[in-house]
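Participant: Sharing a structure, written as C-alpha cells. Questions coming.
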Amino acid sequence: MDTTNFEDIRNEWIEQGQGHVFNWFDKLSNEEKLNFENDIRKINVKEVNKDYKNVLLNKDEQKIMKYEHFENVMTLNKIKEQDKKKWEDIGYELISKGEVAVLLLAGGQATRLGTTFPKGFYDVGLPSKKSLFQLQAERIYRLQQLVSERYNGSYDQDSKPIQWYIMTSEATHSETIKFFENKNYFGLKKSAFFFFSQAMIPCITPEDGKIISESGSKLSLSPNGNGGLFKALSTSGAIDDMRKKGIKYVTQYCVDNILINMADPVFVGYMHDQSADCGAKVVSKSDPKEPVGVMALNGDGKPFVLEYSEIDEQSKFKKDQNGQLVFNYAHICINAFSFDFLDRIAKNHLDHLKYHVAFKKIPSAHPISGERQSPSSPNGWKLEKFIFDVFPFSKKMVCLEIERSKEFSPLKNCGGMNLPDSPETCLRDISNLHKSFIENSGGKIDSSNSTICEVSPLVSLNGENLKNFVNDKTFILPIEINQNLNN
C-alpha cells in the first residue's frame with residue numbers, strides 16, 4: 001500500500017498539471033475525502049501524462065499503411081482425422097501433466113443486457129437456469145473426467161487440476177469471487193482458482209490531456225482494455241503462480257461466449273505440435289462487410305489484427321484463386337499463449353503495447369458545484385490496450401479456423417429487440433448444438449412445441465457419452481438432459 005503523505009501526492013499532481021481534480025476537495029465529507037484519496041493513490045499521474053503524449057505521437061503511426069494475407073491457418077473441419085487425433089492426444093497429455101491453464105476475461109458488467117451484475121452471472125434461459133460461469137466450470141469439470149478416463153484413472157485432478165485464472169475489473173471483482181465461493185466453486189478445487197483485477201485508468205480530455213473528474217469526489221476511471229491483461233498478470237503475481245505450477249500453455253477466452261470450448265485439447269496440441277508460442281481461433285467472415293477485425297501480416301511480416309476501420313474497400317472484397325476472401329479470418333478473442341511468451345511479454349514488452357483511443361461521452365463534474373453531469377456529445381478519451389497487440393511479438397503464430405455453430409456465440413445485446421448476439425441467439429445456438437449431439441448419437445428430436453434443448457456439460461462435453469441413452473429414442477422439446485439422464 002502507498003504510504004506517501006497525501007499532501008506530497010497532491011503537490012505532485014499540481015506539479016504535473018493535474019491539480020484541478022482537487023478543486024472540490026475541501027468541501028467533501030470525511031468519507032468522500034477518504035474514497036477520493038484511495039482513488040488518487042492508485043494512479044501514477046506521471047504515467048498518465050506520458051500516456052497522453054504517446055497517444056498524440058502514435059496517432060499517425062497507428063494508421064496501417066501496408067498489410068498482407070495471413071496464411072498460417074488450419075481449418076478444423078478439413079483437417080485429416082489422423083492429424084486431429086494426434087493434436088488431441090498431445091493436448092490431453094499436456095492437461096494430464098497439469099501444464100494447461102485457462103484464462104478468463106470477466107471484467108464486463110451486463111449493462112447492455114439491462115443489469116449491473118457481472119456478465120458471468122447471466123442466465124440466457126436454459127431449462128437448468130445455469131449461468132455462463134456455471135456452464136464454463138462444468139465444462140472444466142467434465143474435461144478433467146475425460147482426461148482421467150483416458151489415462152485409466154492415473155490422472156489426479158486433485159493434485160494437477162486445470163488452473164483457472166480469472167481477470168475481473170474493479171466493478172466485478174468482489175462479486176465474482178463471492179459468487180464462486182457461494183457455489184462452492186462448482187465442485188472444482190479452490191486451489192485451482194486465481195482471481196485478479198485489471199487496472200483502472202483515468203479518462204482524459206483530448207485537447208490537453210487533463211484528467212476528467214466524474215464528480216467533485218470521484219475521478220472518471222475506466223478499465224484499461226483487454227490488453228491490460230499482460231500487465232495485470234505481472235503485477236498480480238499470476239505469472240509467478242503459473243511458473244510455480246509448471247504451466248506451459250494458457251488458453252484465453254471471454255466470459256460472454258456461451259459455446260466456449262474450454263482448454264480445447266486439439267487447439268493446445270496443434271500449438272505444441274507446431275512449436276507456436278501464440279495461437280488464435282478464428283472464424284470465416286459471414287460477409288465481406290462484416291465489421292470485424294481480421295488476421296493479417298504487417299509490413300514487417302508480423303501477425304496482427306487488421307481492424308475493420310483500417311482495411312480499404314478493395315481489400316475487403318479481394319478473393320484468392322479459390323474464391324475465398326483474402327482477408328477472411330475474423331479474430332474472436334479466443335487465444336492461446338505459451339507460458340514463455342507471456343513471461344517474455346511481461347518482462348520486455350509491456351511498454352511497447354500502445355493505447356488506442358475511444359472518443360466517448362464521459363460524465364464530468366460541474367466546474368463550480370462538482371455535481372455529476374452527463375454530456376450530450378463525446379467529450380473525452382478512454383484509453384484502451386488490445387490483447388491482440390502482442391501478436392507481432394510472437395516468434396511463431398498459428399490460427400485454427402473453427403465453426404461458429406459449434407464454438408462461438410457471444411452475448412452482447414439485450415433480449416426482446418431482435419438483435420444479434422442476444423440471449424435469444426445464444427439460447428438458439430446452444431440448443432442447436434445440443435440437438436446435434438442427440439441426433440449424432442442416434443436420437444430423434446420433436447421440436448413441434450419448442451426449440452430449446454440442453455445437454456449438461458457434466459453428461460457430455462462435445463457429444464460423447466450419449467449413444468447408450470439416446471439411441472432410437474425421441475425427445476420432445478424443451479428438454480434438459482442432466483446427470484440423472486431421465487428427463
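Glycine is treated like the rest: Cβ placed from N, Cα and C.
Swiss-Prot lists Leu105, Ala106, Gly107, Gly108, Lys119, Gln198, Gly225, Asp256, Lys382 with the feature UTP binding site, giving similarity to another entry as the kind of evidence. What Swiss-Prot lists as motif 'Substrate binding' is 105-108, and the listing cites similarity to another entry. Marked as substrate binding site by Swiss-Prot: Asn226, Lys412.
Could you tell me the structural context for the features on the list?
Facilitator: According to DSSP, Gly107 (UTP binding site) is assigned to coil rather than to any helix or strand.
Taking the motif 'Substrate binding' (105-108) as a whole, pLDDT averages 91 in the prediction.
Around Lys412 (substrate binding site), the same-chain residues at least 6 positions away in sequence with a Cβ under 8 Å from its Cβ are Arg112, Asp256, Pro420, Asp421, Ser422.
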Participant: Judged by the number of other CB atoms within 10 angstroms, which among Gly107, Gly225 is the least packed of the binding-site residues?
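Facilitator: Least crowded of the binding-site residues Gly107, Gly225, by Cβ count within 10 Å, is Gly225.
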Participant: Once the DSSP letters are reduced so that anything not helix or strand counts as coil, what is Gly225 (UTP binding site)?
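Facilitator: Once the DSSP labels are grouped into three classes, Gly225 (UTP binding site) ends up as coil.
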Participant: Provide the number of Cβ atoms within 10 Å of the Cβ of Leu105 (UTP binding site), excluding the reference atom itself.
Facilitator: 21
Participant: Which number gives the other C-beta atoms within 10 angstroms of the C-beta of Asn226 (substrate binding site), all protein chains shown included?
Facilitator: 21
Participant: With Cβ-Cβ distance below 8 Å and at least 6 positions apart along the chain, what are the contacts of Lys382 (UTP binding site)? List them in sequence order.
Facilitator: Cys203, Ser222, Val357, Ala358, Lys360, Ile362
Participant: For the UTP site made of Leu105, Ala106, Gly107, Gly108, Lys119, Gln198, Gly225, Asp256, Lys382, how many Å separate the two farthest Cα atoms?
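Facilitator: Between the outermost Cα atoms of Leu105, Ala106, Gly107, Gly108, Lys119, Gln198, Gly225, Asp256, Lys382, the distance is 22 Å.
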Participant: Cα-Cα separation of Gly107 (UTP binding site) and Asn226 (substrate binding site), in Å?
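Facilitator: If we compare the Cα positions of Gly107 (UTP binding site) and Asn226 (substrate binding site), the gap is 9 Å.
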